Amino acid sequence: MGTDMALVSMGPMLKRAQAAGYGIAAFNMIDYNSARAIIEGAAAMKAPIIVQVSVKTIRHWGYKPIATWVRMLAETVEVPVALHLDHCSDGDVIRRCIDAGWTSVMFDGSSLPFAENKARSEDIYRLTEAAGVGLEAEIGAIGGVEDDKFVAEDSAILADYDECLEFVKNMPNLAVFAPAIGTAHGFYKGQPKIAYALLEKITAAVAIPIALHGGTGLSQEQFDRCIAGGCAKVNISTMHKHRFIEGFVAVRQDKPKLEEPLPFIIGQYDAMKKDVTDMIVAFGSAGKAAHAAGEDAER
Ligand code: 13P
């Protein structure tokens, strides 16, 4: 694989991952140190990676700084890196991300009535197809908190199978589809009830890779079953945020008198990177960079 890789679109690599039965990690970045830990963690494991960004993170840093950091970091490694917008219901933010260089975006119309979600997702699909950018779209309700939206875990609504088929019908080139299958954002309070049979049924009927939201706190067995069932994109946010804070704080606890800031940033980086490499192993994508990039697909 050549050096200076530009950012890639996640659709083709997710298709290859789904066909080969591994999952590509999608981490929600927080700042430059976090983006670096995600991308360099993936490079250390020779794994494809998706750096995704929440709307509130973009509002904090701005479009251009984030796109510049991620593109610059991607150019220093030899693994495919996609820059993705996580849950977004605002068409203006989506347009601005596309203009700034994001290679994929998520339109989340899951709180809208089905017909409206479908119609608005299709509008955004036309936009992303014209721009050569991948699209993720969601139906059903994934539990927990995402940005400022809260869905109680027990009122999370599973996607309806027939609606899934109807929803994706006019979006054949959707990069990834996110039907709610019983997982939730945040740390799980109880055992998640994952609808494996529904997942397998959707995967059998729809030729689009599936996104697994709410990756934090799932067991190896749950990851394995979801990935085997068609989930090619596995989202981790809460654990990454936790490492960001705890990695920094641990240095203060260890060295209360330290006044030099860099060891804090390094401690934070190491904690985040370790979780990234652990998850890549858990999802089976270690060593898959060339495969995901389509460079050894024939072998
Ligand atoms: P967690 O915060 O549970 O890891 O979920 C992340 C996610 O699905 C982002 O969309």
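Cβ atoms here come from the backbone N, Cα and C positions, even for glycine.
So that you can see what the record holds, here are the features copied from TrEMBL:
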type	residues	note
ACT_SITE	ASP86	active site, proton donor
BINDING	HIS87, HIS185, HIS213	Zn(2+) 1 binding site
BINDING	ASP108, GLU138	Zn(2+) 2 binding site
BINDING	GLY186, GLY214, GLY215, THR216, ASN235, ILE236, SER237, THR238	dihydroxyacetone phosphate binding site
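Between GLY186 (dihydroxyacetone phosphate binding site) and HIS213 (Zn(2+) 1 binding site), the C-alpha separation comes to 10 Å. Each of the binding-site residues GLY186, GLY214, GLY215 was scored by the number of other CB atoms within 10 A of its CB, and the lowest score belongs to GLY186. Among the binding-site residues ASP108, GLU138, HIS213, THR238, residues whose Cβ is positioned under 6 Å from ligand 1 are identified as HIS213, THR238.
DSSP assigns HIS213 (Zn(2+) 1 binding site) to coil, not to a helix or a strand. For the binding-site residues THR216, ASN235, SER237, THR238, counting C-beta atoms within 10 A of each C-beta gives the highest total at ASN235.
The Cβ of ILE236 (dihydroxyacetone phosphate binding site) has 26 neighbouring Cβ atoms from other residues within 10 Å, across all protein chains displayed.
A straight line from the CA of GLY214 (dihydroxyacetone phosphate binding site) to the CA of ASP108 (Zn(2+) 2 binding site) spans 15 Å. Within 10 Å of ASN235 (dihydroxyacetone phosphate binding site), counting C-alpha to C-alpha distances, fall the following of the binding-site residues HIS87, HIS185, HIS213: HIS185, HIS213. Within 10 Å of ASP108 (Zn(2+) 2 binding site), as judged by C-alpha distances, no binding-site residues are found among HIS213, GLY215, THR216, ILE236, SER237. Neighbours of THR216 (dihydroxyacetone phosphate binding site) among the recorded positions ASP86, HIS87, GLU138, HIS185, defined as a Cα within 10 Å of its Cα, are HIS185. In this structure the C-alpha atoms belonging to SER237 (dihydroxyacetone phosphate binding site) and HIS185 (Zn(2+) 1 binding site) are separated by 8 Å.
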